[in-house]
Amino acid sequence: MATWRRDGRLTGSQRLLCAGLAGAFSLSLTAPLELATVLAQVGKVQSHSLGLWATGRRVWLSEGPRALWKGNGVACLRLFPCSMVQLAAYRKFVVLFMDDLGRISQWSSIVTGSLAGMVSTIVTYPTDLIKTRLMVQNVLEPSYRGLIHAFSTIYQQEGFLALYRGVSLTVLGAVPFSAGSLLVYMNLEKVWNGPRDRFSHLQNFANVCVAAAVSQTLSFPFDTVKRKMQAQSPYLPHYGGVDVHFSGAADCFRQIVKTQGVLGLWNGLTANLLKVVPYFGVMFSMFEFCKRIFLYQNGYTLSPLTYKLTPGVDQSLKPQELRELKKFFKRRKLHSKTPPW
């Protein structure tokens, strides 16, 4: 039976690989929607006023179909270091919130996850900035030829701190994001009329999608300002295509509200929300597919296509323990076949 909870039958590296591959597939599938979101946030060629279809069509006709996946390679590459840092940070933070019995509350779990995510985002922030720069540039007349070239060019032209432009918005945006997650998860039992540990897989999937949608909606203004700060550069054509001129984060908020109204802070939200269901749907499906392969490889199941358990195998054993047990019985079997003379 599939489960979204942590499975002790997988090694740490196997779980990381499952998460990385699932994330890469999800990002690749929803990359055109992510592009539409970022273009609307930055204000590139007034993409927020065109609509999703018109934005995609304009990019396709002017730059080619490959342009719909601009920046996706960098987004996929940063998954593994980001996941590793987030996991390490989570293990450190979770100890601080545990009670004497080693338990952690729902609120503490959300805060711990948010803090770990914030740390991983800050550590890998230069790759996020470069991803934005690659997405807003024209692939036919690129200012950056890839991750390494972009990193080197930005560092030489604008200095090291330019790679962290807008990072403060990540910290500020974590507050409404965590509040949105808490708001959803605190009301799950009322909505489903049952305890969390009895939720079905479909209910868990719906919970994740709703929590993501609410959290991202509340924190979206901070993400919009961050994208504008990331894209803006005097060394790029038209200052990176940003639709407002500003001198900092606070001024960027003011200029957006002044020129576009308060709703201008949510430009691109529709595309962002449309990618929630396919993103998590593909992520969960791909994670379970990879998980089945590793469970079969580790000897817990009879086939990589199903969750049918291997008879006689203790499913509570960890992979290393199961391997040692198999070696023990193999040696014992060989010893029993050896003649006494």
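Residue positions begin at 1 at the first shown residue.
Heads up, the Cβ atoms here are built off N, Cα and C, so glycines get one too.
Residue ranges 110-130, 236-256 are listed, and Swiss-Prot annotates 110-130 among them as transmembrane segment.
Note on the transmembrane segment (68-88): residues 16, 19-20, 23-24, 27-28, 31-32, 34-35, 38, 56, 59-60, 116-117, 119-121, 123-124, 127-128, 130-132, 134-135, 137, 139, 146-147 of its chain, located 6 or more positions outside it, place their CB under 8 angstroms from a CB of the stretch.
In terms of DSSP helix, strand and coil, the repeat 'Solcar 1' (11-101) has 78 helix, 0 strand, 13 coil. Look at the repeat 'Solcar 3' (200-298): DSSP puts its residues at 82 helix, 0 strand, 17 coil. Cβ atoms under 8 Å from those of the transmembrane segment (110-130) belong to residues 74, 77-78, 81-83, 85-87, 89-90, 93-94, 96-97, 104, 144, 147, 150-151, 154, 163-167, 170-171, 174, 177-178, 181-182, 185, 230 of the same chain, restricted to positions at least 6 beyond its ends. Residues 22, 25-27, 29-30, 33-34, 36-41, 43, 48, 52, 205, 208-209, 212-213, 216-217, 220-221, 224-225, 253, 256 of the same chain sit 6 or more residues outside the transmembrane segment (262-282) yet have a Cβ under 8 Å from a Cβ within it.
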